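Record features (TrEMBL):
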{"type": "DOMAIN", "residues": "B:90-287", "note": "domain 'ABC transmembrane type-1'"}
{"type": "DOMAIN", "residues": "B:368-563", "note": "domain 'ABC transmembrane type-1'"}
{"type": "TRANSMEM", "residues": "B:35-57", "note": "transmembrane segment"}
{"type": "TRANSMEM", "residues": "B:90-113", "note": "transmembrane segment"}
{"type": "TRANSMEM", "residues": "B:125-148", "note": "transmembrane segment"}
{"type": "TRANSMEM", "residues": "B:168-190", "note": "transmembrane segment"}
{"type": "TRANSMEM", "residues": "B:211-236", "note": "transmembrane segment"}
{"type": "TRANSMEM", "residues": "B:266-286", "note": "transmembrane segment"}
{"type": "TRANSMEM", "residues": "B:317-344", "note": "transmembrane segment"}
{"type": "TRANSMEM", "residues": "B:374-392", "note": "transmembrane segment"}
{"type": "TRANSMEM", "residues": "B:404-426", "note": "transmembrane segment"}
{"type": "TRANSMEM", "residues": "B:438-458", "note": "transmembrane segment"}
{"type": "TRANSMEM", "residues": "B:495-522", "note": "transmembrane segment"}
{"type": "TRANSMEM", "residues": "B:542-562", "note": "transmembrane segment"}
Amino acid sequence: MSINQGDAYLRIDHVSKSFGTFEALTNVTLEIYAGEFVCFLGPSGCGKTTLLRAIAGLDIQTSGRIFQGGRDISALPPSQRDFGIVFQSYALFPNLSVADNVAYGLVSTRRPKAEVEGRVRELLTLVGLGGQEQKFPSQLSGGQQQRVALARALAMSPGLLLLDEPLSALDARVRQHLRSELKELQRKLKVTTIMVTHDQEEALAIADRIVVMNHGVIEQVGTPLDIYRHPGSAFVADFVGHMNFLPVERVAADRVRFGSFEFTAPVNGNQDATATLCVRPEDIQIRNVIPGQDNSLKATIDHMEFLGSFCRAELVVNGGRHLKADFSINAMRDLSLEPGQEILIALPADRLRLFRGDAHV
Amino acid sequence: MSDATLAPAVALTGKVDPAGGQPPRIRPRASGEDWVMRGAIALLAAYFVVTLVLPLYTLLIKSAEDKDGNFIGLANFARYFADPALTQSIVNTVTVSLIGTVITIFLAFLYAYALTRTCMALRGLLRAVALVPLLAPSLLPGLALIYLFGNQGIFKGLLMGHDIYGPIGIIIGEVFFAFPHALIILVTALSVADQRLYEAADSLRASPFRIFMTVTLPGCRYGLISAGMVVFTLIFTDFGVPKVIGGSYNVLATDVYRQVIGQFNFQMGAVVGLLLLFPAVISFTVDRIVQRKQVALLSARAVPFQPQPRPVIDRTFLIISSVIAALLLLILGMAFVGSIITFWPYNLAPTLKWYDFTRLGTDGWGPYFNSLRMAAMVAIIGTAIVFTGAYLTEKSRGAKGLRASLHLLAMVPLAVPGIVLGLAYIFFFNASGNPLGFIYNTMVILVVNTICHFYTVCHLTAVTALKQVDAEFEAVSASLKVPLYRTFWRVTVPVCLPAILDISIYLFVNAMTTVSAVIFIYSANSKLMSINAINTEDAGNTASACAMGMVIVATSAVLKGLHSLLVRRMQRRTQAWRRR
């Protein structure tokens, strides 16, 4: 799939939103392209929902402008914008049947009855609920209700689909299933979609691009792989996936010291004397590490946590610092790893990230 | 992987905008229907100003004027407090209110405990019986007491020489009148209990008495305070009972009436009216604070309390609550008997002649149909205003300050005793030069006054129902380009229908039974049944007054019955979407 990199479909330009003295959004600027699936990701209170509601016009921003398809929609009420929306609570009308819920917007447009019915059937088939037209929302499961909400949001063929934590109220299995269906549907319809979520796994799995937010500002925008591999800040590194943080001192442009160990580390602009070194648990190497190899160090296994397909070991290095490392079940068996054992590990230089010394932990 | 080709297309800009100053504020543009909503909110605000704020303001002004309308500051108050005959009423009112409150709360607590915390038999029936006093005008217990303990009363001997006309009669009558109000609050308070607290206490081997003192009582302390405040205010401001059975024992509510209707001393009436307002406002404020705390008591994860059978306790409480219920029924039943006996106590042959109201004069059954008409208008118009008003304050966009103050205004009527509101209405609508003066002496003023009088409880019912409706319905319909009024009509109203019916029956029954507010503002051609009963009793025809009271009770009961039938049918019909 390729995305048109020409003009942005949705342009958010220096948007700020304050509630009294609290600033929920500070100077947010972002461009979203037609057909893209973008996730706003961040912890609760980071401003992701506020930004979504500003785009919908439900809570209009204090300052800054928003353009959709070239039109300035900054001050328009929601009814004059072009979007469909799905909420975490589904917000289905409980006294209307599934068909009436989906047809709700279509009926006001005074289309012929047969056309409305045809469209409703088509939409329900699309979300996999064909034949359930006459049921009431309370007779459906949570996952089915969310599908109805999705069909209703898509009924008017909106240019923009807004999803506010649509999967959070569902249990884990249904959530995963619906997640892939949602992505499939979006790819088929090519509707520009923004989904708000606090679940990084969900965002990584579904998004074309992820917008990581914290404290009302955008921390990083990028593809899932980009965000995961090259987190732009210590916050992103910590929030997306698991991460170890080690305080280090710089000894050369690309060399840092951690206690008695010295590593080769990437040069990412920062030349401070102290820095924070980041490495993901799954990037810690245990097989085929030769004594004296670059970036190798001795570690003691403190304890291990069995997590199904792999094991997360808590290692102690340099006489006290803890480090998490993920080892495959194979490696565990082959090396017969046990708590208390002393092992040799390596931190591959191309998997390390350096951030400011005072950053985090 | 195609994802990898998607370079981040966004450059984050710095924090300071190029101009260096504050970026221009976005002024949200209102849609057409936003303007309609704002217009409706402004209309509602104007309605409150005319029917509530201005009348009360006029009352306040009146208390600081002399007979010619000159401002004399607090001179009226000084004169009032210098007159021991008048200030005695304050002492009297506080005395009967305090004693009445203690008795009512004690009995209602036992009854509520029996209903919610025991497995005694007949709980459904006993609950229904306890609410019967709500259907009667407050003068009815007074009338029944005359038959029970009056000069010719059956149980006169029980009073051991004391007179029923006076504090004793007032207290008994008020307990009957206030009992269901206290019961409703206490039942609610005792219903919200966490089973796990009791299980924990049991497992720690606490004695039943200790569990009661450390778990049950603290759990409903807010309910007790709230019920106490409500009952105190009810008794403090009630007019019907002391009017009928008070004798020469003056209380503030009857003082207002005498000052205004008897002596045409409007200024002094206003002074007493304001005195009535004071405790009502204080208890209202305490009650609001307390109720807010009550809500937070039960967490979402609590396990609802299920009473376990305890044979001895269950039977004890069955006896206690049956006795209380029997007393309530005795009072109501006595009023009924009084209305069908030929000549108490000399000729006990049953008769219907007291129901032949045409014998009493020209009015005949006219007041009854006036009452019906007014109650129906109050129920229909009132429900429409209250529900639409609550919807506007809860769900519209923008105009935040105005909406919050409307919500506050809607709370005020609860703190204004009916008699004060009625007085305020005379002063405001009867003033020369008021362009709305034409509704004086018509049915309209009675309807407007009664809606205002009972506004708060209805408003709170509507707000509670609306809060349970998904907050995003309006957002969804806006995104679907469906006008709000359509969603209001097609979704919000049907979903809230049970609450809407509750509001309308509440308004109907209260409009049928109310005396205090309307007694000042009825006219010859808008005389109501409840007022007619007071006047008939004044004229010495107690039996016909009883008959009128019973007609009101019967009408309220029939309507209430129809209401529950309707609700039950509706529940069956909408089961499909209401049940989970």
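Don't overthink the numbers, they just go from 1 along the chain as shown.
Using the three backbone atoms N, Cα and C, a Cβ is placed for every residue, glycine included.
Not measured: the values here are computed from a predicted model.
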Between the transmembrane segment (B:374-392) and the transmembrane segment (B:438-458), are there three or more CB pairs that fall under 8 A, provided the residues in each pair are separated by 6 or more in sequence? yes
Count the Cβ pairs between the transmembrane segment (B:542-562) and the transmembrane segment (B:374-392) that lie under 8 angstroms and are 6 or more residues apart in sequence, then report whether there are at least 3.
-> no
Across B:35-57, B:90-113, B:168-190, B:266-286, B:495-522, the most C-beta pairs under 8 Å with the transmembrane segment (B:317-344) come from B:90-113
- Query: Taking pairs 6 or more apart in sequence, does the count of Cβ pairs under 8 Å between the transmembrane segment (B:211-236) and the transmembrane segment (B:90-113) hit 3 or more?
  - Reply: yes
Contact count check, CB pairs under 8 angstroms to the transmembrane segment (B:125-148), set B:35-57, B:90-113, B:168-190, B:266-286; argmax is B:168-190
Counting only pairs at least 6 apart in sequence, do the transmembrane segment (B:35-57) and the transmembrane segment (B:374-392) share 3+ Cβ pairs under 8 Å? yes
Outside the transmembrane segment (B:374-392), at least 6 residues beyond either end, the same-chain residues with a Cβ under 8 Å of its Cβ set are 37, 40-41, 44, 47, 403, 406, 410, 443, 446-447, 450-451, 454-455, 458-459, 462-463, 466, 488, 492-493, 496, 500, 503-505, 507-512, 526, 528
When counting C-beta pairs under 8 angstroms to the transmembrane segment (B:90-113), the leading stretch of B:168-190, B:266-286, B:495-522 is B:168-190
Same-chain residues at least 6 beyond the ends of the transmembrane segment (B:495-522) with a Cβ under 8 Å from one of its Cβ atoms are 134-139, 237-240, 243, 253, 257, 260-261, 371-372, 374-376, 378-380, 382-383, 386-387, 417-419, 421-423, 425-426, 429, 440, 445-446, 449-451, 453-454, 457-458, 461-462, 464-466, 469, 528-531, 534, 552, 555-556, 559-560, 563, 566-567, 570-571
